[in-house]
Amino acid sequence: MVSWKDIYLVLEATVPLYVAMILAYLSIKWWKLFTPEQCSGINKFVAKFSIPLLSFQVISTTDPYDMNIKLIYSDILQKSLALLGFAAISKACCAEKFDWLITGFSLSTLPNTLIVGIPLLKGMYGEQAGKLLSQIVVLQSLIWYTLLLFLFELRAANGMATTTSSETTGLIWALVGFRWHIRLPLIVSNSIRMLSDGGLGMAMFSLGLFTALQTKIIACGAKRMLLALAIRFFLGPALMGMSSYAIGMRGVLLKIAIVQAALPQGIVPFVFAKEYNVQADILSTAIIVGMMVAVPVALAYYFAMIIPAIK
């Protein structure tokens with residue numbers, strides 16, 4: 001059962017992100033500290049340095065020999081269904097075909113597992129949930145962010161990105177390190193940690209700068225906002241639920257998979273969308289509004305799945 005202490009732990013993890021975003025917003029709206037060109041430079045730093053190093057740190061510190069196979073298969077199936085579905089819809093209905101394929105995939109399958117998910121679901125389902133969500137974070141960083149970057153690069157036709165190599169390096173080191181119990185030299189790990197620890201904070205700072213440069217906070221408009229929230233909080237969990245059930249997941253493991261899919265939008269896809277100028281307004285709105293309703297939505301899914309058990 002979720003306690004007030006568990007909710008406080010979630011707020012403890014998420015409020016600092018909002019502090020970074022609000023400071024960035026005020027630095028543009030009130031203090032006029034940055035020009036649009038400088039804001040673009042900050043976002044490029046986040047995309048090319050902070051996020052790749054954060055991905056390396058997450059992947060290299062997770063044991064690849066202790067993964068839940070059913071969770072991996074269900075995650076792959078969910079993403080595959082989302083890709084195929086949005087590819088078909090985008091081709092049939094949307095003028096910006098590739099843009100909506102990328103945005104729809106990001107909204108439906110890439111939640112904020114690291115910051116919001118782990119503390120919240122540990123309160124709901126215990127330490128087991130934290131361990132499982134760490135594996136999902138690795139899959140996100142290693143496979144799905146790489147695929148997302150590939151889609152962005154395919155759209156831009158501009159070559160490969162630095163994040164791909166950092167994730168591959170992180171996986172190689174994790175395979176070697178956990179197999180033979182080798183640790184990175186402290187001077188190397190501290191150098192990586194210095195930049196990676198600020199990765200999410202800098203991403204939220206970039207989000208605040210982007211929001212401040214828009215004429216209104218809901219930059220994409222009310223209709224697109226509602227569509228984005230519906231994809232994030234309804235379609236994403238539905239796809240994950242169907243995929244997990246089809247793979248054979250039951251009980252607590254199935255519930256964890258569904259609730260983590262109903263978490264608010266991840267920050268990293270926005271950083272990439274801003275860097276490649278692909279519907280960043282939709283993702284920024286999904287993050288801002290989604291973070292505000294994260295706890296109520298997760299609790300709604302949690303209680304909805306325990307009511308049948310009580311009956």
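Positions of Cβ are set from backbone N, Cα and C atoms, glycine also.
Annotated features, as they stand in Swiss-Prot:
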type     : residues                                      : note
BINDING  : ILE51, ASN112, LEU114, TYR145, ILE267, VAL268 : (indol-3-yl)acetate binding site
TOPO_DOM : 1-6                                           : topological domain 'Extracellular'
TOPO_DOM : 28-38                                         : topological domain 'Cytoplasmic'
TOPO_DOM : 60-68                                         : topological domain 'Extracellular'
TOPO_DOM : 90-100                                        : topological domain 'Cytoplasmic'
TOPO_DOM : 122-131                                       : topological domain 'Extracellular'
TOPO_DOM : 153-167                                       : topological domain 'Cytoplasmic'
TOPO_DOM : 213-226                                       : topological domain 'Cytoplasmic'
TOPO_DOM : 248-251                                       : topological domain 'Extracellular'
TOPO_DOM : 273-286                                       : topological domain 'Cytoplasmic'
TOPO_DOM : 308-311                                       : topological domain 'Extracellular'
TRANSMEM : 7-27                                          : transmembrane segment
TRANSMEM : 39-59                                         : transmembrane segment
TRANSMEM : 69-89                                         : transmembrane segment
TRANSMEM : 101-121                                       : transmembrane segment
TRANSMEM : 132-152                                       : transmembrane segment
TRANSMEM : 168-188                                       : transmembrane segment
TRANSMEM : 192-212                                       : transmembrane segment
TRANSMEM : 227-247                                       : transmembrane segment
TRANSMEM : 252-272                                       : transmembrane segment
TRANSMEM : 287-307                                       : transmembrane segment
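Residue annotation for (indol-3-yl)acetate gives ILE51, ASN112, LEU114, TYR145, ILE267, VAL268. The furthest Cα pair among them is separated by 14 Å.
Same-chain residues with CB within 8 A of the center of the ILE51, ASN112, LEU114, TYR145, ILE267, VAL268 CB atoms, the (indol-3-yl)acetate site residues themselves not counted, are LEU54, LEU110, GLN140, SER141, LEU200, ALA203, GLY266, PRO269, VAL271. In sequence order, LEU17, ASN112, ILE115, LEU200, ALA203, MET204, LEU207, ILE287 are the residues near ILE267 ((indol-3-yl)acetate binding site), counting only same-chain partners six or more apart with C-beta under 8 A. Its Cβ taken as reference, ASN112 ((indol-3-yl)acetate binding site) is surrounded by 24 other Cβ atoms within 10 Å in the chains shown. Counting Cβ pairs under 8 Å that are 6 or more residues apart, the transmembrane segment (287-307) and the transmembrane segment (7-27) reach 3 or more and are in contact. Nonlocal intrachain contacts for the topological domain 'Cytoplasmic' (28-38), taken as residues 6+ away from its ends with a CB within less than 8 angstroms of a stretch CB, comprise 208-209, 212-213.
A contact between the transmembrane segment (39-59) and the transmembrane segment (227-247) is absent, since fewer than 3 of their C-beta pairs, 6 or more residues apart, lie under 8 Å.
Per DSSP, the topological domain 'Cytoplasmic' (213-226) is made up of 6 helix, 0 strand, 8 coil.
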